[in-house]
């Protein structure tokens, strides 16, 4: 196997494998917390949903891409391509939407209650989570409904113009107008959510700066400490998303200017567009004491059960 192909395959394999494992661990840890405490905090519920969406994204894009790089062909038929591409498009859209939702939610949470309106919104935030999740799923399922109509299994021969060659599937837009309109629509949606995300994150950053200046004059409570820690986690997630979003869109804008996209360019975009989904769970785990405590607890429990099993076997 060619060295470049090997490096590319190993990169995709590590990205998909570690990302899937980390997102699954986050989901399992939050499931354990939900069973133990009977409820999740609003920020935890959003992070749990983000891990679910990122897991779907890696399963529908990272895994097929890795298998294709290692030479596996004819993975999916037309129906399989339609299902996988549609699910991927929804997961990708939800990833930016939920990250934006997390940033806006945290901005409202840390904002000082300046009046009855904001106080009322703050009080209702936990009740608004479920309807917001449902609305985001419904809207993105409707917006991405055109994706299956352009998705087909790869055909023998050359790739037609205005076609995104994903390796395991082709997304054939047939003409330049459909190709450009799709690209512009996706970019406008993403930039709108990223703009809201950056605006709310800037507001959080301003509040944290003010808090740091006033911290010697104001007694710090446990609640404010937890809010500050959560706000910093949100800021790090937004920065992480913005970096890879920028790289992704630079490549995407280039792809819109050419009728035939070189495979190496398409592979680069796939890799960078999946980096957030694979790295964000590590950031969530490293900055969330509750998650780390649950994982340590689960590991200790497994070790204790294994030790008890060995002792029982020795007695027998």
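Cβ coordinates are placed from backbone N, Cα and C, and glycine is handled just like the others.
Among the features that Swiss-Prot reports, topological domain 'Extracellular' is placed at 1-8, 61-97, 154-187, 255-264. Per Swiss-Prot, transmembrane segment is recorded for 9-29, 40-60, 98-118, 133-153, 188-208, 234-254, 265-285. What Swiss-Prot lists as topological domain 'Cytoplasmic' is 30-39, 119-132, 209-233, 286-316. Sequence annotations record features per position, and here Swiss-Prot assigns disulfide bond to 81-169. Sequence annotations record features per position, and here Swiss-Prot assigns N-linked glycosylation site to 156, 176.
The Cβ of residue 81 (disulfide bond) has 24 neighbouring Cβ atoms from other residues within 10 Å, across all protein chains displayed. Against the transmembrane segment (98-118), the recorded stretches 9-29, 40-60, 234-254, 265-285 differ in Cβ pairs under 8 Å, and the greatest number is found for 40-60.
Residue 169 (disulfide bond) falls within neither a helix nor a strand when secondary structure is assigned with DSSP, and so counts as coil. Distance between Cα atoms for residue 156 (N-linked glycosylation site) and residue 169 (disulfide bond): 12 Å, as a whole number. Secondary structure of the topological domain 'Extracellular' (255-264) per DSSP, as helix, strand and coil residue counts: 4 helix, 0 strand, 6 coil. A sphere of 10 angstroms centred on the C-beta of residue 176 (N-linked glycosylation site) encloses 12 other C-beta atoms. Each residue of the topological domain 'Extracellular' (61-97) gets a DSSP state, and the totals for helix, strand and coil are 29 helix, 0 strand, 8 coil. Outside the topological domain 'Extracellular' (1-8) by six or more residues, the chain places 69, 71, 267 with a CB less than 8 A from a CB of the stretch.
Sorted by the number of other CB atoms within 10 A, the recorded positions 156, 169 start with 156, the lowest. Residues 159, 161-162, 164-165, 167, 176, 179-180, 183-184 of the same chain lie 6+ residues outside the topological domain 'Extracellular' (255-264) yet bring a C-beta within less than 8 angstroms of a C-beta in it. Taking DSSP states H, G and I as helix and E and B as strand, the topological domain 'Cytoplasmic' (119-132) has 14 helix, 0 strand, 0 coil. For the pair residue 169 (disulfide bond) and residue 176 (N-linked glycosylation site), the C-alpha distance works out to 19 angstrom.
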